[in-house]
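The topological domain 'Cytoplasmic' feature in Swiss-Prot is assigned to 1-7. Feature annotation from Swiss-Prot assigns transmembrane segment to 8-20. Feature annotation from Swiss-Prot assigns topological domain 'Lumenal' to 21-359. Look at Swiss-Prot and you will find ASN50, ASN74, ASN119, ASN204, ASN219 tagged as N-linked glycosylation site. Feature annotation from Swiss-Prot assigns disulfide bond to CYS142-CYS292, CYS156-CYS356. Under the heading CMP-N-acetyl-beta-neuraminate binding site, Swiss-Prot lists ASN147, ASN170, SER279, THR280, GLY281, TRP301. Sequence annotations record features per position, and here Swiss-Prot assigns active site, proton donor/acceptor to HIS331.
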Amino acid sequence: MRSIRKRWTICTISLLLIFYKTKEIARTEEHQETQLIGDGELCLSRSLVNSSDKIIRKAGSTIFQHSVQGWRINSSLVLEIRKNILRFLDAERDVSVVKSSFKPGDVIHYVLDRRRTLNISHDLHSLLPEVSPMKNRRFKTCAVVGNSGILLDSGCGKEIDSHNFVIRCNLAPVVEFAADVGTKSDFITMNPSVVQRAFGGFRNESDRAKFVHRLSMLNDSVLWIPAFMVKGGEKHVEWVNALILKNKLKVRTAYPSLRLIHAVRGYWLTNKVPIKRPSTGLLMYTLATRFCDEIHLYGFWPFPKDLNGKAVKYHYYDDLKYRYFSNASPHRMPLEFKTLNVLHNRGALKLTTGKCMKQ
């Protein structure tokens, strides 16, 4: 009898301990999810982030839901984030190397592959800006437009174009999707791999003409080419540079500094966001904090389905597939999204993932 009573006592105590420990963990995670500690540093629950694959798969999950109605800018937090990022990088300076940084014939090491080197060609040097393309520039509102299929049928085109400065990623097509993505492009990125994927590697005159036409639509916009990241895209960069010079295109070319990507990663790691390599979208948001008073994000949705279970394309303009939760991916997009969602809820930025209000 005494043995049975002892077992019951141990069992009861164990259950109580489990119950209180679970409540303590839940409170801690809830606190960490939205906590800004110290002088504005973002802190996220690692356990919540690491289980994001399971979370997003739950039907009707509310983890990533947020409201755009009633959203208000938190100007003091915006200034705090800008100040903190400036401790790691100055986007005005690091957005591009300038002519005085190199001379033709200089040899540099690739940012993500220090064993490999690149020679600074005459064409590349001639296209380097004299001064930073973002020098002394400041905007009231900016749009950073990602390429997720969540934009399709959003009707966000007019809203995106209404911003003072629009940043786009990877030379994404806009004209045929204007109702959803707009057409205004003030700053647009272009990974060298785009040449092969979207323009056939310039194999024929038709491919080259298509590319030239796309760039001609940019006028005086900044074309941001990460030419120094890894070996393999150098010939594409040279082809692009040659076409710009040959056709006297008016785009303003920019090539990010050799320290930029490590500085951006350092900022987020210090703020307890364990990214691998920042995605283009996160990179652009980080840069935009330097010259934008209010940042609006569109086309950010790193999941194969929306919250209603409807399939969402990786890119709104093609059928490319992407494994968001693969450990082989160089990015941690779901983690990045969760971070941006926290910032949205605190008024540091506005994240739009649904339909836009008619203007």
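Cβ coordinates are placed from backbone N, Cα and C, and glycine is handled just like the others.
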Query raised in the report: How big is the Cα-to-Cα gap, in Å, between HIS331 (active site, proton donor/acceptor) and CYS156 (disulfide bond)?
Result: 26
Requested in this report: Using the recorded CMP-N-acetyl-beta-neuraminate site (ASN147, ASN170, SER279, THR280, GLY281, TRP301) as reference, state which further residues of the same chain have their Cβ within 8 Å of the centre of those residues' Cβ atoms, listed in sequence order.
Outcome: GLY146, SER148, CYS169, GLY299, PHE300
Report summary line: Averaging pLDDT over all residues of the topological domain 'Lumenal' (21-359) gives 87
Query raised in the report: What three-state class does DSSP give THR280 (CMP-N-acetyl-beta-neuraminate binding site)?
Result: helix
Report task. Consider each pair of residues in ASN147, ASN170, SER279, THR280, GLY281, TRP301, all listed by the record as binding CMP-N-acetyl-beta-neuraminate, and report the largest Cα separation in Å as a whole number. Result -> 16
Query raised in the report: When the Cα of GLY281 (CMP-N-acetyl-beta-neuraminate binding site) is compared with the Cα of each of the recorded positions ASN74, CYS156, ASN204, ASN219, CYS356, which one is closest?
Result: CYS156
Query raised in the report: Expressed to the nearest Å, what is the distance separating ASN170 (CMP-N-acetyl-beta-neuraminate binding site) and ASN219 (N-linked glycosylation site) at their Cα atoms?
Result: 17
Report summary line: Expressed in Å to no decimal places, the gap between the Cα atoms of CYS356 (disulfide bond) and THR280 (CMP-N-acetyl-beta-neuraminate binding site) is 23
Query raised in the report: Which of ASN74, ASN119, ASN170, SER279 (the recorded positions) has the most other Cβ atoms within 10 Å?
Result: SER279
Requested in this report: Using C-alpha positions only, work out which of the recorded positions ASN74, ASN119, CYS292 is nearest to ASN147 (CMP-N-acetyl-beta-neuraminate binding site).
Outcome: CYS292
